[in-house]
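Report on the structure given below.
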């Protein structure tokens, strides 16, 4: 059997930054440090950080007064920021800069007098954080069908922003539906969706043309990983989401000669290697990597951490 690895795959710059923030906070402050919500949606990453001394909580009332508290890469509402300040917490914000960019865009549109529409999935931490960062009502739209249910007059000045981990194709369809529905509408281009989301989805579309089965390494609660699996399925390829090699099933490959393998933006490369090992246990295996876009994006760490490093030097 032949395995073709997607390129790019796995960790994005926002995830790398978030994990490094937790690790540096532990190095500088000692354990424990407290992280609100999973730092990224991957249990292997979370367990690794937990073993190093990070404690994961859902609400700040679980954090002792004055302790180090880290916001996850998905972002938080302004009320959470205010709560942290009131509790005297030493806050490190690991919100992905591309998510913060969405917050800034949304506030700018509202300040310009437009009603704001957020394209995203209800209940996702990024969506909840974005809604909580906008000082006005935000209308959440999850599908093209929901556009038809909007009651705003067609000439209402509106703007849209999007969750960063959505399907590029689905998002484009919703934007086009909004543009048909409203006569005065502005918003970022679909190219403004996270670079890593676009690159991984494009790689999977290309990969799906070459394989009999697609495996996506990622967590079930990872939005971007689920979108990769969906793209494979929509391309007509049996596609499976696995957390690691233990979830690989031999029957998936009964008639397969070529398997595509990718990973969501929060999935570590060690889990990709674990899946390859599981496939190798099924029989002879040839592994190749597709040609693809090389990513060189890096995001700066919070000044609080870099200043501490400078003092140590």
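Using the three backbone atoms N, Cα and C, a Cβ is placed for every residue, glycine included.
Per Swiss-Prot, these features apply:
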- 126: active site, proton donor (ACT_SITE)
- 12, 96, 194: [4Fe-4S] cluster binding site (BINDING)
- 41, 74, 124, 222, 223, 224, 266: dimethylallyl diphosphate binding site (BINDING)
- 41, 74, 124, 164, 222, 223, 224, 266: (2E)-4-hydroxy-3-methylbut-2-enyl diphosphate binding site (BINDING)
- 41, 74, 124, 222, 223, 224, 266: isopentenyl diphosphate binding site (BINDING)
Distance [Cα-Cα, Å, rounded] between residue 194 ([4Fe-4S] cluster binding site) and residue 41 (dimethylallyl diphosphate binding site): 16
Extra residues within 8 Å (Cβ to Cβ centroid of 41, 74, 124, 164, 222, 223, 224, 266), (2E)-4-hydroxy-3-methylbut-2-enyl diphosphate: 40, 125, 126, 165, 221, 225, 264, 265
Between residue 164 ((2E)-4-hydroxy-3-methylbut-2-enyl diphosphate binding site) and residue 124 (dimethylallyl diphosphate binding site): CA-CA distance (Å): 11
Binding-site residues clustered about residue 126 (active site, proton donor) [Cα within 10 Å; pool: 12, 74, 164, 222, 266]: 74, 164
Dimethylallyl diphosphate binding residues 41, 74, 124, 222, 223, 224, 266: largest Cα-Cα distance, in Å and rounded to whole number: 15
C-beta crowding around residue 74 (dimethylallyl diphosphate binding site), within 10 angstroms: 28
Subset of binding-site residues (12, 96, 164) lying within 10 A of residue 224 (dimethylallyl diphosphate binding site), CA to CA, in sequence order: 164
Distance, residue 164 ((2E)-4-hydroxy-3-methylbut-2-enyl diphosphate binding site) to residue 223 (dimethylallyl diphosphate binding site) (CA atoms, angstrom): 10
